[in-house]
Each structure stands twice: as C-alpha cells, then as structure tokens.
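Feature annotation from TrEMBL assigns active site, proton acceptor to LYS178. As annotated by TrEMBL, NAD(+) binding site applies to GLY8, ALA9, GLY10, ALA11, PHE12, GLY13, ALA127, ARG242. The NADPH binding site annotation in TrEMBL covers PHE12, ARG31, LYS95, ALA127, ARG242, GLU263. The substrate binding site annotation in TrEMBL covers LYS95, ARG242, ASN243. The sn-glycerol 3-phosphate binding site annotation in TrEMBL covers LYS95, GLY123, SER125, LYS178, ASP231, SER241, ARG242, ASN243. According to TrEMBL, the domain 'Glycerol-3-phosphate dehydrogenase NAD-dependent N-terminal' annotation covers 4-146. Taken from TrEMBL, the feature domain 'Glycerol-3-phosphate dehydrogenase NAD-dependent C-terminal' covers 167-302.
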Amino acid sequence: MTAVSVIGAGAFGTALAVALAAKSPVTLWGRDVAWPRENPRLPGVALPDALRLTDRLQDALAQTVLLALPAQVLGGFLADHAAALDGRNLISCAKGIDLQTLQGPSALIHAACPAATVGVLTGPSFAADIARGLPTALTLACADAATGEALQARLSTGALRLYRTTDVTGAELGGALKNVIAIAAGAAIGAGYGDSARASVITRGFAEMTRLATALGARPETLTGLSGLGDLVLTCTSEGSRNFRFGLALGAGRDFTPGTTVEGAATARAVAALAPKLGVELPISRLVAGLAEGRIAMEHALDILLNRPLKEE
Ligand SMILES: NC(=O)C1=CN([C@@H]2O[C@H](COP(=O)(O)OP(=O)(O)OC[C@H]3O[C@@H](n4cnc5c(N)ncnc54)[C@H](O)[C@@H]3O)[C@@H](O)[C@H]2O)C=CC1
Ligand SMILES: O=C(CO)COP(=O)(O)O
C-alpha cells in the first residue's frame, strides 16, 4: 500500500501524482485510465514507474487521499464511496463551490465522512507546471495544526513547496472564487477592453472575494496569500487558465471547447445564490453568473458594471 493516493486522473490529479511519485510510491485512481503511459489531459508527461494507475477504488486508498475531482462531481463521488473513504486524511484539491448545496468541498467531505481529517491543497499551480517539476508554492490547509504540519511535510517535494494554514474556509474559498474573477478578466480582454480594465477587474474582484469569504468565516489575511491573491493573479493573467480562456471566448463572442473543466461557471452561479443570503454585494461575480447562464449578453455587461452608483473604494 502506498503512502498517498490521488483520486481523479484528470490533469491536476495526474500532475500531483507525478510530482509526489518523485518522493515515494503513489497510487492514482481514475474512472478512465485505459490510456497507456500518458494521460491525454496532460500531454507530453511520462508517468514514472513509482506511479501505479488503477480504476479499482478498493485498491487505491492509502491513509492520505488527495481528492482531485471537479467540484461539481465531488458530492456524487462522496455519496457513492463515503464508507471506503471515511477515517482517512482526505485532502480536497477542487476549486469550486457545489451548486446543489452551496458548500465548499471541505464541508461536503465533512458531511459524508465525519471521521475523516479534512484538508485542502490549493494555490497558484498549473497542472502542466507541476508535472514538469517547475517550482510551485501551494497552501495546505487543515484545521488541526499538528496534522496539517505532518501533511505539509509528507506532500512537499523539492519543487513543490507547501505553506500551511489552519484556515480551511479561507484557503478553499480563495481557490474557488478566483476562478469566477478569472472569467471576468478573460471577458474584459476578449471584448477588447484592455489591460487597465483587467487590472480593475482583478482588484475589485479581489475585494468581492474577500467580502464573501470573510462573511463565510475566512480570515482576511488568508485571502492575501497563495490560495487567494496568488492564484487570482496567475489565473487572470495567463492563457494557461481554462477559466480565463472561457472568459476570453465569452468576451469575443466565440465558442468554447465543450467538455473543458471550467469551475468558475458553476461557482459563479453558486456565489450569486449565496450573495443575497449573506447580504454581500458581488457585482462582478453576479455578472459572470448571468453571462455563464446566458441571461446577460456580453454587449450589456459593461453598462451593468459602469452604471452602478459611484462609491468609496
Ligand atoms: N488543471 C489544473 O491546472 C488545476 C486544476 N485544479 C482543480 O482540480 C480539479 C480537477 O481539475 P482537472 O484535473 O484540471 O480537470 P480535468 O478536466 O483535467 O479532469 C477531470 C477528471 O475528472 C474525472 N471525472 C469527471 N466526473 C467524474 C466522476 N463522476 N467520477 C469520477 N471521475 C470523474 C474525469 O474523468 C477527468 O479525469 C478542479 O477543481 C480544478 O479547479 C487545481 C489546480 C490546478
Ligand atoms: O487553478 C488553476 C491554477 O492555479 C488552474 O486554473 P484553470 O482551472 O482556470 O485552468
């Protein structure tokens, strides 16, 4: 039995498994791992011998399990496999808010697996960078400080440097909400509004992320760390981001590749549903929800943002 297993053989799960296999044997579970030694979602990355692939969950579960499934499928997966997962260290790597329950991945895990120790691994990191062994800094959040420290040591490698925090809510929400703002930043660029407009979206978007996250119990300083500001900067400025590219396509009125994981689209709708319940104003996120649902046309988006009453920063 390996020390760490990774559930979800998409781009991110595979990249994490490749990186961790440099340190100790890793098992990677996926429902569709019939590919030879290269994952089509992560082209050009050879899978090392220390990485064992399986589609049998019962063969995959170590004491520490990284859950690298998209946020909108995590709840169903947990419902199906809670008994096998409970009691382990379960670390969410998903960046989203579940649209059905309006909860983040850590709350879904707690609810399904009450005896598990829950953690969150998040921060600025493209799967391709991690898989290539490029230097990357992430946040490992765990409410239990001692377990968090042990997990930090277990999951750090020569290239992957983990910082730790006990603020699970803040770390998780930073990663989820930056995807929504990245869609807005992409839309601003795609529509030709320019880099100054993008800088405004990043800054005012960060204010929205902080308002919502603190209303849900996050510590404000967590939002200024890797999991919040760090990942926001990466995702709003790089075409390596699927959320940013989705926004680019929206802004330019172009189609977007179906089947691509774009966490920010569903998360924007979850955020729009949460905002009135919490009494927080989130104009950019609500606009992204409207664009993603097709309720708002791109040609009206700018007017909606600019015609609001003037206010203090
Ligand atoms: N790709 C990246 O650079 C990064 C991704 N993440 C996060 O990791 C999470 C996963 O994203 P990616 O791996 O990039 O997505 P992906 O689109 O590359 O892969 C998704 C994987 O989930 C599997 N899947 C879908 N529904 C399933 C189900 N019901 N049961 C079992 N497996 C199922 C698919 O077969 C696929 O292997 C997302 O929350 C994303 O935000 C976080 C950091 C970086
Ligand atoms: O979360 C990511 C980088 O930190 C990946 O972003 P995308 O899901 O937008 O590709």
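Counting starts with 1 at the first residue shown.
Cβ coordinates come from backbone N, Cα and C, glycine included.
Where the annotation comes from TrEMBL, it is an automatic prediction and has not been curated.
Mapped onto this structure are the features recorded in TrEMBL.
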residue : record                               : DSSP class
ALA11   : NAD(+) binding site                  : helix
GLY123  : sn-glycerol 3-phosphate binding site : coil
LYS178  : active site, proton acceptor         : helix
ASP231  : sn-glycerol 3-phosphate binding site : helix
ARG242  : NAD(+) binding site                  : helix
GLU263  : NADPH binding site                   : helix
Practice prompt. Compute the mean position of the Cβ atoms of LYS95, ARG242, ASN243, which form the recorded substrate site, and then list in sequence order the other residues of that chain whose Cβ is within 8 Å of it.
Written response: ASN179, ALA182, THR235, SER241, PHE244, PHE246, THR261, VAL262, GLU263, GLY264
Item to complete: Tell me the Cβ contacts of ARG242 (NAD(+) binding site) under 8 Å, same chain only and six or more apart in sequence, or just say none.
Response: THR260, THR261, VAL262
Practice prompt. Return the maximum Cα to Cα distance in Å (whole number) over the record's sn-glycerol 3-phosphate-binding residues: LYS95, GLY123, SER125, LYS178, ASP231, SER241, ARG242, ASN243.
Written response: 15
Worksheet item: Reported as an integer number of Å, what is the Cα distance between GLY13 (NAD(+) binding site) and SER125 (sn-glycerol 3-phosphate binding site)?
Response: 12
Item to complete: Would you mind ranking the binding-site residues ASP231, GLU263 by how many other Cβ atoms sit within 10 Å of each Cβ and giving me the lowest?
Response: GLU263
Worksheet item: For the domain 'Glycerol-3-phosphate dehydrogenase NAD-dependent N-terminal' (4-146), DSSP counts of helix, strand and coil?
Response: 43 helix, 33 strand, 67 coil
Worksheet item: Can you list which of the recorded positions ARG31, LYS95, SER125, LYS178, ASP231 have their Cβ under 6 Å from some atom of ligand 2?
Response: LYS95, SER125, ASP231
Worksheet, complete the sentence: Of ALA9, GLY123, SER125, SER241, ARG242, GLU263, the binding-site residues with C-beta less than 6 Å from an atom of ligand 1, in sequence order, are ALA9, SER125, GLU263
Response to the item:
In whole Å, the longest Cα-Cα distance within the recorded NAD(+) binders GLY8, ALA9, GLY10, ALA11, PHE12, GLY13, ALA127, ARG242 is 18
Discussion item. Tell me the Cα distance separating ARG31 (NADPH binding site) from ALA9 (NAD(+) binding site), rounded to the nearest angstrom.
Written reply: 8
Response to the item:
Neighbouring CB atoms within 10 angstroms of the CB of GLY8 (NAD(+) binding site), all protein chains considered, total 24
Worksheet item: How long is the line from the C-alpha of SER241 (sn-glycerol 3-phosphate binding site) to the C-alpha of LYS95 (NADPH binding site), rounded to the nearest angstrom?
Response: 13
Worksheet item: To the nearest whole angstrom, what is the C-alpha distance linking GLU263 (NADPH binding site) and ASN243 (substrate binding site)?
Response: 7
Fill in: Distance from LYS178 (active site, proton acceptor) back to PHE12 (NAD(+) binding site), taken between C-alpha atoms, in Å
17
